[in-house]
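Copied over from TrEMBL, here are the features:
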type: REPEAT; residues: 12-50; note: repeat 'HEAT'
type: REPEAT; residues: 89-127; note: repeat 'HEAT'
type: DOMAIN; residues: 89-270; note: domain 'Phosphatase 2A Regulatory Subunit A helical'
type: REPEAT; residues: 166-204; note: repeat 'HEAT'
type: REPEAT; residues: 205-243; note: repeat 'HEAT'
type: REPEAT; residues: 244-282; note: repeat 'HEAT'
type: REPEAT; residues: 283-320; note: repeat 'HEAT'
type: REPEAT; residues: 326-364; note: repeat 'HEAT'
type: REPEAT; residues: 365-403; note: repeat 'HEAT'
type: REPEAT; residues: 404-442; note: repeat 'HEAT'
type: REPEAT; residues: 482-520; note: repeat 'HEAT'
type: REPEAT; residues: 521-559; note: repeat 'HEAT'
Amino acid sequence: MAGADGDDSLYPIAVLIDELRNEDVQLRLNSIKKLSTIALALGVERTRTELLPFLTDTIYDEDEVLLALAEQLGNFTMLVGGPEYVHCLLPPLESLATVEETVVRDKAVESLRKISQEHSPVDLEVHFEPLVKRLASGDWFTSRTSACGLFSVCYPRVSSTVKAEIRQHFRTLCSDDTPMVRRAAASKLGEFAKVLELDYVKSDIISLFTALASDEQDSVRLLAVEACVSIATLLPQEDLETLVMPTLRQAAEDKSWRVRYMVADKFSELQKAVGPEITKNDLVPAFQNLLKDCEAEVRAAAANKVKEFCENLPEDSREQIIMTHILPCVKELVSDTNQHVKSALASVIMGLSTILGKDNTVEHLLPLFLAQLKDECPEVRLNIISNLDCVNEVIGIRQLSQSLLPAIVELAEDAKWRVRLAIIEYMPLLAGQLGVEFFDEKLNTLCMAWLIDHVYAIREAATCNLMKLVEKFGAEWAQNTIVPKVLGMANDPNYLHRMTTLFCINALSEACGQDITTKQMLPVVLKMSNDQVANVRFNVAKSLQKIGPVLDSNALQSEVKPVLEKLATDTDMDVKYFAQEAISGKLVFPPPAAETSLYVRFYRSGKPDDHAVFLSSSTVLSLALHNVLWCWGGYGWDCIIVGLEWGGPVFPSNLVFFFPPLVQYFFLK
């Protein structure tokens, strides 16, 4: 029996070994994802002595399997016995940190950083720090790149002697022959600097920063720029000019556009790190040069920082610096040849109005806004319209209407229908920015004019636009402003415009609610059922089907049903088809109270549903069955009760039928 128990206890590890050796990658991956379960089954001691050595010896697999393993091991501390035994996880993670695939190495380093916090200071020096040294002095670049991410997590908790060794290893990696290692070291330079003592930052880190910022590989130099932000925040103000700024100036004028792009991208952070004086003396000229850079990517990155840079300028000289140094560059970018540059500028330029005030905005910025509003790139126009509220707060709605609105109106009447379409798409956004009163005064007429445009895409977009406006301004506004004008189009001599009336009613009915739909819209739709054009008549049937759920039962029975029955006998095949679809497909009409009718109640999961469908006895039987089955299929009811109604339902118990497995047809006589 003891032997059998022993064999049983070996079963989990045997299953794991079998699945890990399986040819199917998915099976191996699933096995790795179950490691925690297997470890629990084995217990902490056997996990340490059997499972982890096995995993360490068999790390030769597909990258996705190794990635899953690296992630799992980061959460294994308690499964190996807690922090006291966490060092047992180091061998397999060390192996994973040396593999060729970058994502696996990164995940292994992430797990190592995580479990390093669970080591005691003694264990850190005995087990973790030797691992870092082995990785840092490994023959393959893969291990050395992984080591770069581990220095900062162990440095604060080790002795002074070990700290000196760690600093030496990091210096060695910063001057490694392999660019990938130097790149990894540069990416962790700022992080490592944050855990060092200030004296070592000045003596060690600055020299490393200068060397990496002058590296022959631009991929290394640009990462040094990122480290510059962290280093600058650590140093006293008096040391920045001598220790950091020469290297930063060099990076801002680097021959590689990628390095200059990184400087532009990090410019606001650099500005905050170096302080106001250095900003005025050094960063303002550097920012000007970046805004005028020969590469569009650099100009776009710098343009995106214009507002933030201006906000962070010293208050006493902010306006003077912007007007003298920044605004001339901005004016040039407005007419830049690259649309990404113009779009980046358009997304932030409106924010300058709150910084410069009303007078400067009217005199200097409004002409730029106007030029961008007429730009051929849709994204530029959208970015301007999206931020009109910034300008509105500064110069007021009247000034805004006199300056920018004429340009919007001009675009709305452009000969190219795609330009008109773009303005329509911006209109709900613009309406929200300007408010209902201003919209009614200046833009309402424009929106209604789009409904009779000769291009269908414009009429369709205008209909959607009205729906969004009603959602924004409310049903009362629609009743007083929009609905009368829409309904007036029902008498237009052009049948396309009459059809647009129906499309608008379809779109507006739900937003306007039952009362407006029933009292104002429905009579117009019913009247249009007599239209001479068949296209209008079949769209009436479709509209009645669309607005049916909004209407009350009396309107459906007394007004909608007769019109649909009439259209169902129309001479035009399309009209007949859509009328029959409206009757049989979606609308279910309640019968008069005095009429005997078929009564159907639906049950879901054995409980009566609130929905009930009444079918008049005069309704064709096939139509009744169609409605019953359509409703059952659409809502997933599992049974029905059928009865007869004479002013009130009667439910005979013998008429209970269950669906599925068999759908039965019942003829009540």
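Cβ from N, Cα, C; glycine included.
Where the annotation comes from TrEMBL, it is an automatic prediction and has not been curated.
Using DSSP to sort the residues of the repeat 'HEAT' (365-403) gives these counts of helix, strand and coil: 33 helix, 0 strand, 6 coil. Long-range Cβ contacts of the repeat 'HEAT' (326-364) within its own chain (Cβ-Cβ under 8 Å, at least 6 residues beyond either end) map to 284, 287-288, 291-292, 296-297, 299-301, 303-311, 318-319, 371-372, 375, 377, 379-381, 383-384, 387-388, 390-391, 393-395, 399, 403.
For the repeat 'HEAT' (365-403), same-chain residues at least 6 beyond its ends with a Cβ under 8 Å from one of its own Cβ atoms are 330-331, 334-335, 339, 342-343, 345-347, 349-354, 356-358, 410-411, 422-423, 426, 429-430, 433-435, 438, 442.
Remote same-chain partners of the repeat 'HEAT' (482-520), defined as residues 6 or more beyond its termini with a Cβ less than 8 Å from a stretch Cβ, comprise 448, 451-452, 459-460, 463-464, 466-467, 469-471, 475, 527-528, 531, 533, 535-536, 539-540, 542-543, 546-547, 550-552, 555. Secondary structure of the repeat 'HEAT' (205-243) per DSSP (helix as H, G, I; strand as E, B; remaining residues coil): 33 helix, 0 strand, 6 coil. If one looks beyond the repeat 'HEAT' (244-282) by at least 6 residues along the same chain, the residues whose Cβ comes under 8 Å of a Cβ in the stretch are 206, 209-210, 213-214, 218-219, 221-226, 228-229, 231-233, 235, 237, 289-290, 293-295, 297-298, 301-302, 305, 308-309, 312-314, 317, 321. Long-range Cβ contacts of the repeat 'HEAT' (89-127) within its own chain (Cβ-Cβ under 8 Å, at least 6 residues beyond either end) map to 52-53, 55-56, 59, 63, 66-67, 69-71, 73-74, 76-77, 80, 83, 134-135, 138, 140, 142-143, 145-146, 149-150, 153-154, 157-159, 162.
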